[in-house]
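Colleague: Dropping a structure here in structure tokens format, bear with me for questions.
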Amino acid sequence: MEYDYIIIGAGSAGNVLAARLTEDADVTVLLLEAGGPDYRLDFRTQMPAALAFPLQGKRYNWAYETDPEPHMNNRRMECGRGKGLGGSSLINGMCYIRGNAMDFDHWASLSGLEDWSYLDCLPYFRKAETRDIGPNDFHGGEGPVSVTTPKIGNNPLFHAMVAAGVQAGYPRTDDLNGYQQEGFGPMDRTVTPKGRRASTARGYLDQARPRNNLTIITHALTDRILFEGKRATGVRYLKGDAGTGQTAYARREVLLCGGAIASPQILQRSGIGPAELLQRLDIPLVQALPGVGENLQDHLEMYLQYSCKQPVSLYPALLWFNQPKIGIEWLFNGTGVGASNQFEAGGFIRSRDAFTWPNIQYHFLPVAINYNGSNAVKEHGFQAHVGSMRSPSRGRIQVKSKDPRQHPSILFNYMSSEQDWHEFRDAIRITREIIAQPALDPYRGREISPGANVQNDDELDAFIREHAETAYHPSCSCKMGDDKMAVVDGQGRVHGVQGLRVVDASIMSQIITGNLNATTIMIAEKIADRIRGCQPLAKSNAAYFIAGDTPARTSPVRHSLPVTSYP
């Protein structure tokens, strides 16, 4: 089999490339996906409120685990990644957050990445998006990704938590993806007008499937990329449960879109990576690139949980006897509790004035439960997910063998910097100040987690080590740039070889301030134009907020109550 392009991975980036490249009728594309179809009748992936279910099994989740994390009580920590058409957009939390403008301006300050400024990227965010309330300078109206905004009549806890953040002295913003990300406000979600998950399989692949120049093969596990000298010429993959070896050839390019965990694995198995590692595993060296699998970054977060004095939380939706009614309303009407991911409010703040742009993110949830659906509190409650955005900690990914079925060695090295500890302690204390504000007086009960007895630095640190979890945002493991640890250039082309690009979250040079999915889609849209030889979209001239000397917060309405005195 021979095609112009072979795309490895039908995820958030791969599906964008498949759709955009096949817009050119004279181009043939093979899309390889290790997982299966995105079954549209499977509520576990299609119902927004069921977002925890795919993380509990292995049909849609690679279910990686880290090596023992040395600063986290040597815990082996979850590292869920999507498997199936849609990739991680098939199992993520559907939060539509793009990052802060300053993230992209920081990228553009690095050598070789000058065209990755916020105003260069904004047109591609807009190109990808259809927002339900219409386009403006920041939002699109004709893109494949359906974005839904929170609606009047949603849970009162969302409004109370935003109001509490403002009363604590932080800004309010009406659009976390608009002029000013900093502050508290409503959170958009990647959900269709009919209440279905808006994965890239639904948004992009559905447009491309009817084209006869696109071939999609599922249950195709990539073994390695093939080379003639320094040129990528094809892909060796294993088909189906039997693992039958198959080979496909690329006339133009191989496009690796495996994500921040799989892409460095595939490069290393293919002979591109740290020379010493490949030599140890008897993998023939094609190109020594020491940065492959290095610079690994993620967001770590904690849950601060509270009981709710009024029966307005989503606790009843967790009870089995209420779930059939919720499911029926969602299935036939696309409305109700099932049609929302329930992350409809959040925010970004600077924990200290020294930060140039927000370093802490909040997701507010009107129920007390772990992200993966475990450890639900058996009473009315609510919680704040809070974590730092740009940790100095860096990890790595290394293959253990040539076998593509074997999971790699993953180490994020969470909380390895003193800055991490300062930020997480600040985050807990600031969250308690927010929860103590008058807006939450009608709802606030006791603090369930960490609990009123967790107060000093040592107690907070012990809680963080034992309870902080991944936000499922691995990135930066094949970073773009032109320094000695860069893996790709600003167009995703792998250094030192020809005919091979990496296009996914792994090529971010530094993790962004927020959830990764929207930015991963933007990256693929932008590089797709480069691959096709199209003129880049014109830079935006939209104004955007820069904090400058603006204080991180003003005086709160209520100075923090002692945790034990919460009414």
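Cβ coordinates are placed from backbone N, Cα and C, and glycine is handled just like the others.
Residues or ranges marked as FAD binding site by Swiss-Prot on the basis of sequence analysis: 4-33. Per Swiss-Prot, the feature active site, proton acceptor maps to H473.
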Colleague: Within a 10 Å radius around the Cβ, which one of these binding-site residues has the most neighbouring Cβ atoms: S12, T28?
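Modeller: Ranked by Cβ atoms within 10 Å, first place goes to S12.
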Colleague: Given the residue listed as 'active site, proton acceptor' and S12 (FAD binding site), what distance in Å do their CA atoms have, once rounded to a whole number?
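Modeller: It is 13 Å, counting Cα to Cα.
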Colleague: Test of understanding: give the count of other CB atoms lying within 10 angstroms of the CB of R20 (FAD binding site).
Modeller: 23
Colleague: Using a Cβ-Cβ cut-off under 8 angstroms and a sequence gap of six or more, which residues of the chain neighbour V16 (FAD binding site)?
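Modeller: The list for V16 (FAD binding site) reads A128, T200, Y204, I521, A524, E525, A528, given in order along the sequence.
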Colleague: Once near-sequence residues are set aside, which residues in the chain of D4 (FAD binding site), 6 or more away, have Cβ atoms under 8 Å from its Cβ?
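Modeller: L21, V27, T28, V29, A250, R251, R252, E253 - these are the non-local Cβ neighbours of D4 (FAD binding site), listed in sequence order.
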Colleague: Around L32 (FAD binding site), how many other C-beta atoms are within 10 angstroms of its C-beta?
Modeller: 25
